[in-house]
């Protein structure tokens, strides 16, 4: 066929110029080529020669700086221009098909214009990013020329009466308009930047974010194309393959997305709702209103994008209908030429199947782009909102009343749930919000189109869907209810598991682990019942989503065929309807999750509004500190400037130099704190403290003493303003004449009774945000005797101590708390019982070096709450308390004179004479139990590491630490997948077979439909060919019955697969949790000493939750989308085998996209999880240390840290979202290519090889499905990979070797009352903590007679505690034996052995539940026995006053009792178990001396006939013992009666006793 620009027919009108050249169509087209060639010639040299010389000068993310006015509009217009040009090319090609020769002028100018359009935007982008506006002149000329040429062409068309009926006329007009608009944009740039026609150009500075190279999240700053396709993420995602993604790689958040920016936005929205009187409205409504005001605008943009995407979604079915329809009939009408060329109408243009295929491709690409943009905007808004709400919650926490926490109204868990769950619910609601608006539109448009295709029968099909919609809704609500109850049970199970793990040592020693394990299992069973309901409704939901379209299609076609004999059931109608039904089901599929999400969001808003309206600590006014006038020789440390309307005004703390203070104190005794007629309460009931009139002198040591529970700690907290003040005043005078009233005070160093540690290094815990001053730090470490402990720690003082300081013992934690208070340079130091967990040497050392020396020398005001009455002579001022009131106050001399009786009582308790107070402590004394425990933990950690280096179980230790988790960048964890599936047992083959059968059937249904409709068409053609009407009627009944049977089978199989998946998931969840709990309960103590508690707890919380709820859903989704893709590609290849050739490059593209994405996605998901942990622990840390933070006045510093944690978590979430969108856009584009190739191939196949139209429809329908399911497949694969990590971690713990619970004797062989006498023989005993470690007891021999009281003492690491643990076989007894009442304990079953002894540990452990349960979980004792035990332990009066007596509740960890009371409960617990052997492991650490001496007597009397082994920190507690064993380095050094040992001159015991005086 000949080729020429104007065509070369002999009679061609194309060369006719009789009426002037401008009236010749071909010349007009030639004229239009000029501007495009001009642009290409001008811009190519500039683009390819000497480019980049500008950009190197700009040190910013220069490639993203968009600063020319009208930037987005230009990109938008260019996109529209390119689309119109593609249409012009297509129109030219189609209209050229009507002639014999080819007319190049019909489409070549449009092709050049297309190239010029692309060049113009590339050129513009490069000029903009290199900031060289003068080069835009080339574009200005181009737009002018192009606009002029198109206008001339348009005018000529009008003149020759070419009108709107002709498509080319419309296209030309549209192009003229677009060129005109682009010209206007160009002129706007000149006016804005003044680079032309103005003397001075406008200076523009890049935004702050782009000047900061740390900001790497560029979505807000890139151009429109990069925004839509996430092009800027390419380098980021490919780089992830070479280097793990961590916080350094992802950089900082842009300012507009930071938590602080969004919090201020939210606060402004809240403030705008204030009522005229200044009060805030209550209830969830005002939260919704504020959220709408602060974050509503981006949500509207997201909804708009969603609308556009949904409308474009209908292009698929319409184009399929058009293509199949036009293939099946040939229609061409030739119209006379105008201006020498043919013009076609839009109908003719759209009647071309190839044109429809290209339009479908563009529609798909646009639809996917809009959809992803909608998702992105919604999620970004949700993430911003989450950050804002978390910050608001934190600010609220900082103002919470302490009573809310201590009375159990708000627990740490509840607050963590608000942060972890409720803020996420609101975020998810915002993400799903566009669906709420889009679903009705989708349904209405879908039904209208179906009606247009099928008539009345479509409405019946739609009715099936509509009738099932309420069922879907019902299922969704049931699902959310099931999930709610599951959540309740799982949090209860977690609480129990947490208690079990925290008290595991006690449970093992008392042989109670099975009771607690059973309790956890009970809750787990309830949770599983709830999970069963959840699984049932989930499977119904999955089943309905799969079965509804089948049912709807079946009903529709049955009705359609039966309503009229002449029913048009052509492939065009059938497959378009099929696609429409699939579209209609999408909103229904989403309905359940949207409803669920909405319900959850409403509940979360309710919870948040309740939390925001809970009690706050009293408002603060601005401080009015009046300073003495005169020479200013004082230092003021101003706090961070904060908003004046903030309730939390950080107060200026004024600190004077010591000289001035000393002078002031000579002038007059100044009170530091004065409380007058104070009544204070925790709750609204009777005041805890009543009629308090007290003062704390300035620069002196004040001691507060009194019995357990008399209100000593409460007095400190009342002074700090933590208690509710009923009446009276608290006045703080930070210095002379410097009066702060109420809570208006500066920073106060405070060490709480229950030590509070940060999740940070030891040195950070002590300096606590203060600058490091080496000499001072050394002095504090020395005063608190921390150096030996630091030497034991693996990284010295840079060791992380976190998880409430779990690797440290009580005494070590307490000393760190005290060290923090000593290190601070505040004028006032409050120490709440700092000696409770310390032995005598440490207490003396701390008193002498820390309090008397360090604090006294600095003339700081010290308030010390203590039980150690021997230190009273050091006090400058003493406050004695009794039952919530002040009994007396004054100096020791004053009290001796005013209350001699009390003084005498004190004196007898002091155990020493006044003159002995100033003695020096033994220099090398070390805390006894703790360092050994610590050293042991370090030992076993090292051992564990060497032993398990090659095992997977190392992961359980490593996995939660961010730095190492990033290194596990393996391929898909197939082994974990195997572990998961093998736990399913017989359900596995059922699952696999049902899935395969179901998808085979699905293909069969659609294939039969193609077969059936093709036959309808051929029958029609035959009928028209043979000109018969009635006798050739086509019978649908045979086809219809097969179709119905297939559909019904399909529906049944849908049910089977959905049930199989969920039941498999349940079976695995049950199996894995049961195995994990059994393994953990029987694991040796070494596991708990070497693995952080948080790690083990995570296996039970997040990992179990993943296995319970997430893996089954992901597995179902993954198998469904994979099988759908495979079956779709199979069908397309069957219909058009040529498609397989095109499949190869597409498959390669998909492989690389998913390969890069999976690695990046896994890293980002782990990063998101690991940045959430510090955020949540910061919240719980703050709640636990609220009093300390407020006492120090460190609120603003902690807020700053919160903002950093929130931003880190948010940027990980944003990058993860962007990565998901990156994948989906690419996969959708690949899907669109599949559709285009399949369409073009099947059209060609049909036109030239007579492929049946039914199969064309089938191929196209399946091609559309591929584009939907491709990205789901990759996303689910990535999710599955991350979720299988949970199985891997749990599997790691399942490999733990349990303790040997079996004995050589059966439990029935052990005599009932054993041990009756309590005679203990230790023969040649050697003990070690692990086979890899050195022995801690070596060849020990001892004999303890029945009923003897034995005291064991010795320095740290001497093996005292190991001695006590050996009785319980908690350590490895590798040599020798212990014989108790003639039975070798090695032969006994562990459970029996441990259940026959009693032990009291140093750390008091109480469990949540009743007092009865805490004393006797086995429920063996009678009430009388329990009351007797409480009486012995001095607790009867306390318990009597509680509501419910023995059935009164103990809160988690026994928080509603003081430390001393908790220890007494532990004693009572030991008395309840009437065993003839009692072991006391320094049981009197946190008890005041009066109570302790009573207890010592009680032990001697109540246990007169039993054997008592006491491990002593205070040697005086074992002076009355029958036998004393002194140990050193695992051997017995001395072994005799105490009197005999004291008489010996060189006795070690005698030296101890001397030191203890």
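Counting begins at 1 with the first residue displayed.
Glycine residues also receive a Cβ, built from the backbone N, Cα and C atoms like all the rest.
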Which stretch does TrEMBL mark as transmembrane segment, out of 199-226, 227-254, 255-282, 339-366? 339-366
Out of 307-327, 370-390, let me know the one TrEMBL marks transmembrane segment. 307-327
For the feature transmembrane segment as recorded in TrEMBL, pick the matching range from 500-522, 569-591, 592-614. 569-591
Which sequence-distant residues neighbour the transmembrane segment (1038-1061)? Criterion: at least 6 residues beyond either end, Cβ under 8 Å. 538-540, 542-543, 546-547, 550-551, 553-554, 557-558, 561, 987, 990-991, 994-995, 997-998, 1001-1002, 1004-1005, 1008-1009, 1011-1012, 1015, 1112, 1115-1116, 1119
Mean predicted confidence [pLDDT] for the domain 'ABC transporter' (1320-1554): 81
